[in-house]
C-alpha cells in the first residue's frame, strides 16, 4: 500500500541528469481526464498534484516520490504526472515543441515501468486516446506495460460498467469521487513496479 508521497521536481523536457534509482509510473491522458485527482486519491493527499483550472494549461512533467509498503517491507517508486494531451489553446509552434519534448521524455526515460493511460469512461473511443495507445505500443519495451484506467465511472450505471469491463478486459475502472477501484489500481501499480505482475 502507499503510505506517503511528496513532490520532487518539475521538468519541461527529458533531462539525463535527473536519473532515478526507482521504478516509475507515468500517468497519461487527455486534458481534464483526472490525472492529478487520481494521483491525489492514490496518495491520500488532497493537494499533492495540482490540477489546473484551465484544462491543458499545465505543461510541466511533475515528479512525486512515493513510499509503499508490501508485506512489511518499504520501498520507493516515482509517480510522473504528464501534461494533458489535445486541449491547450496555444500556438501551433508551441504545441509542436511540447509534443517533441514529451515524445523524447517517454522514449528515453527507461525507468518508467508502467504507463497508466487514463480515459474518461463516458468517452471511450476518442481518436486522441486510440492514437495515444498506438503511439505507446510502438516503443514499449518488454519490461514496460500499458494499463488503461477508465475514470469518472461513478457517472455510469452497473450495466454500462459491465459492458466497459467486458470490452476492455485488462482495464481498471475508478472513481475519485467514491474511491471505487483505487485499491485494485494500487495493487497493480505495486506489483508491476516490483516486477511481480508478469
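Including glycine, each Cβ sits where the backbone N, Cα and C put it.
Swiss-Prot has this to say about the protein:
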type	residues	note
DOMAIN	21-195	domain 'EngB-type G'
BINDING	29-36, 56-60, 81-84, 151-154, 174-176	GTP binding site
BINDING	36, 58	Mg(2+) binding site
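Here the features listed in Swiss-Prot are placed on the structure.
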residue	record	Cβ within 10 Å
29	GTP binding site	24
32	GTP binding site	15
35	GTP binding site	27
36	Mg(2+) binding site	20
60	GTP binding site	14
83	GTP binding site	22
152	GTP binding site	20
174	GTP binding site	27
Roughly how many Å lie between the Cα atoms of residue 174 (GTP binding site) and residue 36 (Mg(2+) binding site), rounded to a whole value?
14
Across the domain 'EngB-type G' (21-195), what does the pLDDT come to on average, as a whole number?
88
Under a three-state reduction of DSSP output, how is residue 29 (GTP binding site) classified: helix, strand, or coil?
strand
Return only the integer: C-alpha distance in Å from residue 83 (GTP binding site) to residue 36 (Mg(2+) binding site).
10
Assigned element (helix, strand, coil) containing residue 60 (GTP binding site), judged by DSSP:
coil
